[in-house]
Amino acid sequence: MAHINCTQATEFILVGLTDHQELKMPLFVLFLSIYLFTVVGNLGLILLIRADTSLNTPMYFFLSNLAFVDFCYSSVITPKMLGNFLYKQNVISFDACATQLGCFLTFMISESLLLASMAYDRYVAICNPLLYMVVMTPGICIQLVAVPYSYSFLMALFHTILTFRLSYCHSNIVNHFYCDDMPLLRLTCSDTRFKQLWIFACAGIMFISSLLIVFVSYMFIISAILRMHSAEGRQKAFSTCGSHMLAVTIFYGTLIFMYLQPSSSHALDTDKMASVFYTVIIPMLNPLIYSLQNKEVKEALKKIIINKN
């Protein structure tokens, strides 16, 4: 391949969600409110689980880690996105862009794998209740969280290094509100075929394997629930798993739409709307999904409020 002489970009300009000035301030207020709700909801859930001894179980250990990932996930993206509404040009340095992409990928992959760990936890709890505390020991729980974090960090690091070893000389204007792969690849003057193949392969393998764990776990769970003689037991099992199923459907559904589609149909404006959903909306929704239908969380919150009063 012939060498292309070009000046390497040292910074990028994030276009943001809209160019319409009249929309920027209302959107700033809206997304700031959502972000504050996300921070309060997720950190509040973590503190509640830590404060109430009745919630010191494997299920809530995983839930507190999911809340932590959601908090970090949103915090990597939203503050910079809010800057898009306040500044004429939202500039991000080359290194900061790489850091944002790496952190974003770390927490996105972590969330995907944590949802699979939580599905396995629910499988053991419902299908083998007598062995639950024997199987889900503190050591096993830590491993089911540590492995996703470690794997996610290594994958994100390799992925980010591949992206930022490319030459960026066509333009430095990123048609997005954060540093993401597809908008960045459109700016490079390097051959991106290997990189695009890597994105598709990694996303496909990770999503399919984690979804397979979730699917198989829930096949056994549903089978076990249908065999229960107690209507109350069935209702409790369904309510416990229903929250997780809803969170899984929303998260994986959005990511499949985003990453497992042909590049020819990869419209960046459509991707921006999907990205808002899974980087801003989902981290806000998860505390609500897992709390509103959970009697134990609501009881723990009531106890804290009563004790303070």
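The backbone N, Cα and C atoms fix where each Cβ goes, and this holds for glycine too.
Model, not experiment: these values are computed from the prediction.
With respect to the membrane, Pro129 and Thr270 are annotated on opposite faces, judging by the topological domain names in Swiss-Prot. Figure note: comparing Cβ neighbours within 10 Å for the disulfide-bonded residues Cys97, Cys189, the maximum is reached by Cys97.
Confidence annotation: the topological domain 'Cytoplasmic' (121-139) carries a mean pLDDT of 92 in the model.
Here the transmembrane segment (272-292) lies next to the transmembrane segment (26-46) in space: the count of CB pairs under 8 Å, restricted to residues six or more apart, reaches at least 3. Within the same chain, the transmembrane segment (238-258) packs against the transmembrane segment (100-120): three or more Cβ pairs sit under 8 Å, each pair at least 6 residues apart.
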